[in-house]
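Asker: Okay, these came from TrEMBL:
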type     : residues : note
ACT_SITE : D402     : active site, proton acceptor
ACT_SITE : Y486     : active site, schiff-base intermediate with substrate
COMPBIAS : 1-18     : compositional bias 'Polar residues'
COMPBIAS : 19-40    : compositional bias 'Low complexity'
DOMAIN   : 70-159   : domain 'Copper amine oxidase N2-terminal'
DOMAIN   : 195-298  : domain 'Copper amine oxidase N3-terminal'
DOMAIN   : 324-733  : domain 'Copper amine oxidase catalytic'
MOD_RES  : Y486     : 2',4',5'-topaquinone
REGION   : 1-41     : region 'Disordered'
REGION   : 737-763  : region 'Disordered'
Amino acid sequence: MATAQEQTTPCCATGTNKPSSSASLQPQKQPSQQQEQRPSVATFIPAIDSPPKTASAKGITVMVKAQTSHPLDPLSAAEISVAVATVRAAGATPEVRDGMRFIEVDLVEPEKQVVALADAYFFPPFQPSLLPRTKGGPVIPTKLPPRKARLVVYNKKSNETSIWIVELREVHAATRGGHHRGKVVSSTVVPDVQPPMDAVEYAECEAIVKDFPPFREAMKKRGIEDMDLVMVDPWCAGYHSEADAPSRRLAKPLIFCRTESDCPMENGYARPVEGIHVLVDMQNMVVLEFEDRKLVPLPPADPLRNYTSGETRGGVDRSDVKPLQIIQPEGPSFRVNGHFIEWQKWNFRIGFTPREGLVIHSVAYIDGSRGRRPVAHRLSFVEMVVPYGDPNDPHYRKNAFDAGEDGLGKNAHSLKKGCDCLGYIKYFDAHFTNFYGGVETIENCVCLHEEDHGILWKHQDWRTGLAEVRRSRRLTVSFICTVANYEYGFFWHFYQDGKIEAEVKLTGILSLGALQPGETRKYGTTIAPGLYAPVHQHFFVARMDMAVDCKPGEAFNQVVEMNVKVEEPGDNNIHNNAFYAQEKLLKSELEAMRDCDPLSARHWIVRNTRTVNRTGHLTGYKLVPGSNCLPLAGSEAKFLRRAAFLKHNLWVTPYARDEMHPGGEFPNQNPRVGEGLATWVKQNRSLEEADIVLWYVFGVTHIPRLEDWPVMPVERIGFMLMPHGFFNCSPAIDVPPNPGDLDDKENNGLPAKPIQNGLIAKL
């Protein structure tokens, strides 16, 4: 992602995007990463021979910064180049090197204590309080451990997947002549897996299918001879039987057809080609199976198929919308230093990965005399699954794992000024490796901006007629990705009253099926002649590594479930109106497999077991579900083999460094049942006092409407993290009135209604 060199820009100006450069990194022995024995901060603070040369105020020793990249900063373009060159040079033979294809190159995030050390002494704002006090004061090393990269490499010649760890010792702005300054720490072949597909493979697959003579003949029978009109979407094969085993790299494409080759914004998904079965070997790029099973006529050309503005398709756009401007004449209220963000009393770091996309690190709230109060170590969306409910071919096998099979981050796109984001915007770029190891940059990939969010709170005293109101402002960090026909916007909103909201916006274009003349389907909605949209669901998994009032290295959190209970009739409920909130401690992983229950207002609270508020109760943050659902599928549904994590809305685990992906790291063609969360929780580890990780699964059941065609308006789902006994009084109290809206006389800025005889008088 872009560094702090990129300037904050208003919505109608594009900032200059400059790749970051990293200073020299020196090797240092890494501590053990075993989970059974959590390393102490002292492990990462070795003794030094001479005292530091620089001292800060208050007698706290501060070292000169040894590297320019924070341990959590995403890899720069130069670091990715070095990592790729290092791995390629380490190939055992020329054949191995030639066959290497680079699926992902990502940062190896260091232990939490290394991050704490960096934040305490190496990167501003210096926060020594993050580290526990030691007798005589801590001895600080002159260098942080070198950054590391993790590479997922697919060998196209051997059909093997391997994982490489590279230590980035020395990184320059460019690797001249292919020279590298990295060191291979480890390389491991992972058997019986297929890594995510790449855009290059998709393009190659489309080309070989369109050049396949039997396919061209099948399209000719449907009246299509111009292959430029044909769209081939190479969906992953999933896993339905041993025929889909990962010993072969497979795709089962879906076929669509445009009506005009010179209409770039035509919706090709409006004309699905049904009845053709294609199986492609993606390793060797050959068609393994082809069958023209049933001739289904192409749906007629829909006059709504072009989704550009009205004037370009012979129509008229609405003319009664006046300009709406969002301006901040004094600039934004947030401050950006590299990837470190400060806004109001919040501070956190922005990260980005090829798989998850946006990652939020080290979330904390500055709370007056109590200082910096941690809320979460890491927040991200780690997986999503889209199962379709039509049992007919080919729709029954549409159950995409858009993060694990494709990569949300790699499918992100540049955000446009004044369209995707409004206001005073700070953009961040994202850097990725392509299939062949080159570095590609998505400019303006992440958007950071402030939004007005209506009323934060208001009250009017009917006796005095005095009213007080505060408007809500929130800080929004977001990115948007496109996976085939659908768009997904991922948002993290930070509020002035301590809330954090996670939101997903779904839009784009429906994935459709064709109908025979006069045919209807009970498993979808007919939206145009010969065209229907199958029912389906979208599920998202948010992984939240919590740290409520916990410093790095502390494991003082637990989770309680809150349910509202109706009091039994009797002496305690003689009027039959009594109800109360009842809490239950979730003591172990198996006990913490929970589902939403709106009838009992169910929610969950992450509490600190050793910190109390002014009433003597434990401080906490609660997870408040939004609208949600569970899979509408039988227990033996094939996609649930790979997505067993969808069976519950909430899972809770103690932090483990290698537990990142709820369906396993490689869900593509995965034959293993219940890999990931469903397997980890069988250890039934204790949660009574732990470093807590929440896995919240939320989804929406989409029964398409006629109005969802030709484009699908945004649908929003999400959840909220809210302080619960965390603050001694509401942070909203100190939010000032909006200075731009005081005494607006032109807009009926009348005083509050006067009081007469204790009643509100009529004006």
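Glycine too: its Cβ is placed from the backbone N, Cα and C atoms.
TrEMBL does not curate its annotations; it predicts them automatically.
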Asker: Mean pLDDT for the domain 'Copper amine oxidase catalytic' (324-733), as a whole number?
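Answerer: Value for the domain 'Copper amine oxidase catalytic' (324-733), mean pLDDT as a whole number: 96.
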Asker: By DSSP, what is the split of the domain 'Copper amine oxidase N3-terminal' (195-298) into helix, strand and coil residues?
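Answerer: DSSP composition of the domain 'Copper amine oxidase N3-terminal' (195-298): 30 helix, 27 strand, 47 coil.
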Asker: Do me a favour and check the Cα-Cα span between D402 (active site, proton acceptor) and Y486 (active site, schiff-base intermediate with substrate); whole Å is fine.
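Answerer: About 10 Å separates the two Cα atoms.
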Asker: Counting by DSSP, what is the helix, strand and coil composition of the domain 'Copper amine oxidase N2-terminal' (70-159)?
Answerer: 33 helix, 16 strand, 41 coil
Asker: What number of additional C-beta atoms lies within 10 angstroms of the C-beta atom of Y486 (active site, schiff-base intermediate with substrate)?
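Answerer: A 10 Å sphere around the Cβ of Y486 (active site, schiff-base intermediate with substrate) contains 19 other Cβ atoms.
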